[in-house]
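Below is one structure, written out as structure tokens; the observations come after it.
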Amino acid sequence: MADSSCGKKSTKCPHCSSASQKNALCICSCKTKLSPMSVVEMSQTSSTGSSEFIVSPEKRKEKGASKDVTSGKDSPSKSSNIERKPSQQQWGRGNFTEGKVPHIRMDNGAALQEIYTFGRILGQGSFGMVIEAIDKERETKWAIKKVNKEKAGSSAVKLLEREVDILKSVKHEHIIHLEQVFETPKKMYLVMELCEDGELKEILERKGHFSENETRWIIQSLASAIAYLHNKDIVHRDLKLENIMVKSSFIDANNEMNLNIKVTDFGLAVKKHGRSEVMLQTTCGTPIYMAPEVINAHDYSQQCDIWSIGVIMYILLCGKAPFMASSEEKLFELIKKGELHFKNSIWNSISDCAKSVLKQLMKVDPAHRITAKELLDNQWLTGNTVSSARPTNVLEMMKEWKNNPESDEESTTDQRDSRSGQEESKVYQPSRNVPDVSNSSDEEEGKQVGRTNKTCRKNNCFISPNCEIPSQHLEHFCNSFFVVGL
């Protein structure tokens, strides 16, 4: 790798290909001054070698102006002063699967002033800040995250490096885009996509809460991003309103806000190695968004992100968190119980289907929690439902019937009205096998296929055979439900 110190090792001039003079100014015989930003390397999408660049200060100029070292006069620049050469050594930290992100190593950050015009501060932390910047050559706006590695400490720097590695490896319309990285011995600069509308949390605070349709669009985008990450075995682990940025927004004809969101801040994100069953153990995240299994310090998987999506959706709909308490200890107790309430009057205008989605997202047991992919296919999210959603599995139907038997009685009344008086009076007894509700011809047909197949008396459809789960409901493929004795 080329030495970044011009005084110690000669390099080739990008203009004339001759060796530069061995002096502090690093001036070539063709009178071109070389930049202190002498080595630029590209993080690769595979394990192949990287590319090194030697960059002159004229590589980027505002409106194409450059300065001659000897005359001091400005002269137009017509070409990019970059020389590429192969390298056997790769400076990147790992192999990536999505596009190339330049990772530029410098002696100091002064060279950035040649590339960007810095503007307002967008955010500030204990050891870094985010600044709006304009690329002088392309006249494009970016958000540059500047981190002081010395103040951050080794542990925080490791998290930052992991964040950079993950951002280099992803490409999705609803995940923040990393354009390039500049790094000095003391600082790191992440040039990222600028989201001019700010944090989703700020917009929520101004609105109070979002409508159901507005929330649906946000959750669609969020679910798409998380499904993409989970498919790549990446777990975000810190999903919250503050970590969802808004690139742009508009008000549609129905006076509803449409937001183009971007998931950001991958400081706690981790890429799992191995099969999807691999579990995580580190307790991390923001308390009100943390899943029960994370609080319990149990092994957990990417399903912790799904719980966080549920919390976000709940807050978007009503403006308040699902669980609130006077102390963190009490808050964690509420989260571990996972009892959702919809007592606020706002919930009167929210569909039962949306509430059902919330319940599926916030199952205390992660094994029963809906996945990101399943969420994308959910009828409420796709907009393919016009009525209240009903549970899709036997266990959920059992719970619904126990909590609200009146609703089930209403649904079965219509079914009984369509049957004969004799069929209305039938009482079905629970059994590990499907109750005998078919005639002899049905039984003979079942014997032919070697199992106890039955037929629905309502629509003559096939009934799922030999269910191993003791239940109060039987589900037919025609979506008819028959209540049996408890």
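Just so it is clear, glycine is given a Cβ too, placed from its N, Cα and C backbone atoms.
Features as listed in Swiss-Prot:
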ACT_SITE  D238  active site, proton acceptor
BINDING   L122, G123, Q124, G125, S126, F127, G128, M129, V130, K145  ATP binding site
COMPBIAS  41-53  compositional bias 'Polar residues'
COMPBIAS  57-66  compositional bias 'Basic and acidic residues'
COMPBIAS  68-80  compositional bias 'Polar residues'
COMPBIAS  413-426  compositional bias 'Basic and acidic residues'
COMPBIAS  428-440  compositional bias 'Polar residues'
DOMAIN    116-381  domain 'Protein kinase'
MOD_RES   S407  phosphoserine
REGION    39-100  region 'Disordered'
REGION    402-451  region 'Disordered'
Task: Just report the maximum Cα pair distance in Å for the recorded ATP binders L122, G123, Q124, G125, S126, F127, G128, M129, V130, K145, no decimals.
output: 14
- prompt: In the predicted model, what is the mean pLDDT computed over the domain 'Protein kinase' (116-381)?
  reply: 92
Query: At the level of the C-alpha atoms, what whole-angstrom distance separates L122 (ATP binding site) and D238 (active site, proton acceptor)?
result: 20
Message: For the C-alpha pair, I'd like the distance in angstrom between the residue listed as 'active site, proton acceptor' and S126 (ATP binding site), rounded off.
response: 19
Message: According to DSSP, collapsed to three classes, what secondary structure does L122 (ATP binding site) have?
response: strand
Field: Local backbone state of D238 (active site, proton acceptor), from DSSP in three classes
entry: coil
Field: Chain-internal residues near G128 (ATP binding site), provided their CB is under 8 angstroms and they sit 6+ positions away
entry: K145, K146, V147, N148, A152
- prompt: Near the Cβ of S126 (ATP binding site), how many other Cβ atoms are there if near means within 10 Å?
  reply: 8
